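Enquirer: Before anything else, here's the structure in question.
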Amino acid sequence: MNTERRRIDYLLLAAVSALLALGTVVVFSASASTSFKQFGNPYYYVEHQLMWAVIGILAMIITSRIDYWRYTKLIFPGFVLSVLLLIAVLIPHVGIDINGARRWLGVGSLQIQPSELAKLTMVFLFARLFSLHREQLGDFWRGVMPHILLASIVFVLVLAEPDLGTTVAIAGTFFVMLFVSGVKKRHLFELAGAAVPVLAWAMIAEPYRRQRLLAFLDPWKHPLGEGFHTIQALLALGSGGVLGVGLGYSRQALGYLPEAFTDFIFAILGEELGLMGTITVVLLFLLVAWRGYRIAMRAPDMFSSLVATGLTTMIAIQAAINMGVVTATLPVTGITLPFISYGGSSLVLSMAGVGVLLNISKHAM
């Protein structure tokens, strides 16, 4: 194992820092009106976001200083804990039900989202398993299928919350990690072919998902129903023009666009900072993806390469889904924009993941 230390990837750190800083500003702008109406304090949500940002930065610093291979002893217990928490979420009166989805555990304003922890533990678990069983991955039934069955535990539990967006993000990351680990292309194509009908079933199995799919095809036919979010998001983006209306001057954030500082914050960003602001965010995410995959390619061993691949892919898929939903490229699904949307679990664990990437970059060849 290569233990020679180099400097961390400062371009990755700079890109994530820029996204975090921009996100904090836009969270304040997008949440001030709602915060004042709910709590009589326009700073309530941004104060919490700043608290989570500080905790996230500390988590990133800590994980960047812990050599990545030291996590191997924690992988299985962490995965078991994630599964137990995902089960607990589904228990009535234990999981917190918000808008018909049971995705949170906690008391009062102190809540955690177990699926966020599951994302992290899944990456580490399968990076470890794929690196240990790499020679067996050439055999579909003996090498690939057992890993699919293990991953399906998380897929099913997250989908049952229900949270299709996060399920797709986790499954997509798992698929990319399979590809990088050297699974035969024929097996990957077969898996992709099998996944299509499963995804199609998931999209129409629940009545509200069917309505979202119909609204995605033509949101203007459902302007006060399932198409409302999409229409209001597009109005926000269109109102922003090239340079935006200016920070703090969003009209859609005044209660017209639901989830303005969480799932649909990219629309408010586009309204206030315009096309230039949205392009900047896209470029920053592309920079994160480039540096993350570069770290994966230069990692000193298979385990660290797969960890870097998984962490980077998870961020990239989440960002792509969120921006796709806001721009009406994808059906509406509840998934946050990494480093920018309001939320504690997502932000802290994403920053911890970045810290792991930075640590791997110090050992990169």
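Every residue, even glycine, has its Cβ placed from backbone N, Cα and C.
Just so you know, TrEMBL annotations are computer predictions that nobody has curated.
According to TrEMBL, the transmembrane segment annotation covers 42-62, 74-96, 140-158, 164-181, 188-204, 264-290, 302-327, 339-360.
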Enquirer: Taking a Cβ cut-off under 8 Å, which residues six or more beyond the ends of the transmembrane segment (164-181) line up next to it in the same chain?
Expert: 115, 118-119, 122-123, 126-127, 130-131, 134, 137, 144, 147, 151, 154-155, 158, 188, 191-192, 195, 199, 202-203, 209, 296, 302, 305-306, 309-310, 313-314, 317-318, 321, 325, 333-335
Enquirer: Restricting to the same chain and to residues at least six past its boundaries, which positions have a Cβ under 8 Å from a Cβ of the transmembrane segment (264-290)?
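Expert: Distant contacts of the transmembrane segment (264-290): 11-12, 15-16, 18-19, 22-23, 26-27, 29-30, 229, 232-234, 236-237, 239-253, 257-258, 312, 315-316, 319, 322-323, 325-326, 337-338, 340-342.
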Enquirer: With Cβ-Cβ distances below 8 Å as the criterion, list the same-chain residues six or more beyond the ends of the transmembrane segment (140-158) that contact it, or say none.
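Expert: Distant Cβ neighbours of the transmembrane segment (140-158) are 82-83, 86-87, 89-90, 115, 118, 122, 125-126, 129-130, 133, 166-167, 170-171, 174, 178, 183-184, 187, 190-191.
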